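First the structure, in the form of structure tokens, and then the observations on it.
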Amino acid sequence: MNGTEGPYFYVPMSNATGVVRSPYEYPQYYLAPPWAYACLAAYMFFLILVGFPVNFLTLYVTIEHKKLRTPLNYILLNLAVADLFMVFGGFTTTMYTSLNGYFVFGRLGCNLEGFFATFGGINSLWCLVVLSIERWVVVCKPMSNFRFGENHAIMGVAFTWFMALACTVPPLVGWSRYIPEGMQCSCGIDYYTRAEGFNNESFVIYMFVVHFLTPLFVITFCYGRLVCTVKEAAAQQQESETTQRAEREVTRMVILMFIAYLVCWLPYASVSWWIFTNQGSEFGPIFMTVPAFFAKSSSIYNPVIYICLNKQFRHCMITTLCCGKNPFEEEEGASTTASKTEASSVSSVSPA
């Protein structure tokens, strides 16, 4: 074996030389130099420094401005809450453990950090699925009389929480487990071992199919149909400048959404699956650490792409930050008016 398996941990280094120690008790500087751990801590500090204000501001601005309290924005608020789960439950812990070079909070701390970080990530992932379904239903109108209302939004939020709990609770009760991963400073699902009594194999397959491939398929289908619908609407109104502008805007948003999804989750899912299907193969701690931290960065991508590019929200945010006045009032007002015109031209295809 090219790694060292112990009680509730797996260190990606052979213990032939006798240097491997428990990641709950000793610094892991034999895996990477201290400066590498310092870089991880600095990166987590950056995510906290950016992720907390942006997501908190999203919550505050939406609550402060009544016109933003729409059913669709319930999902966007839930997205911000999911990102804050990652910031407080995962990033703060990982920053502190990286500064120490090992997981100082022990087994209980590993369970809590793994749960909160995974819960936030999976919850936000299913929020994106609900958003894509909402956009598909509203724009493509597969059900002609359907109107997305408050009850639908509440059901959507409840669905994201149910799916997140369905992924994060089982490792706490014996179906798989949370263990330190990569450089042993953060915890995640055990993709590394086939430890007796935990049924890791079945859980990893379940997680990969239900919580990665399924969201990927749904998002691809919904946004693919959205692009086709916008193109059809533009083709019928070729002389309408606002329609053409709406097509470009929605297409850009779709591309950004899809790229962000892939950047955040494809590397992590791919590496996890490779490790799972090639157990016993040699790999270094950085091999798992880098994609895991790509996934954590979704707490920044989400509010920027899904909220800050929304003209109406941006106007309200600037007004809030500038104590009730928007110094770009004329420009923002014109953009908002144009956005409304575009929305009416192509059946409300604007991002939100």
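Placement of Cβ uses the backbone N, Cα and C atoms for every residue, glycine included.
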Cross-link partner of Cys187 (disulfide, per Swiss-Prot) out of Cys110, Cys264, Cys308: Cys110
Same side of the membrane, Leu31 and Thr229, by Swiss-Prot annotation: no
Least buried by Cβ count (within 10 Å) of the disulfide-bonded residues Cys110, Cys187: Cys110
Contacting positions for the transmembrane segment (153-173) when only residues 6+ beyond its ends and CB under 8 Å are counted: 71-72, 74-75, 78, 82, 111, 114-115, 118-119, 122-123, 126-127, 129-130, 134, 189-190, 203, 207, 210-211
Other parts of the chain folded back onto the transmembrane segment (287-308), taken as Cβ under 8 Å at six or more residues beyond its ends: 12, 40, 43-44, 47, 50-51, 54-55, 58, 76, 79-80, 83, 86-87, 90-91, 94, 117, 120-121, 124, 127-128, 131, 181-183, 186, 188, 253, 256-257, 260, 263-265, 267-268, 270-272, 275, 314, 317, 351-352
Across the topological domain 'Cytoplasmic' (309-352), average pLDDT on the 0 to 100 scale: 60
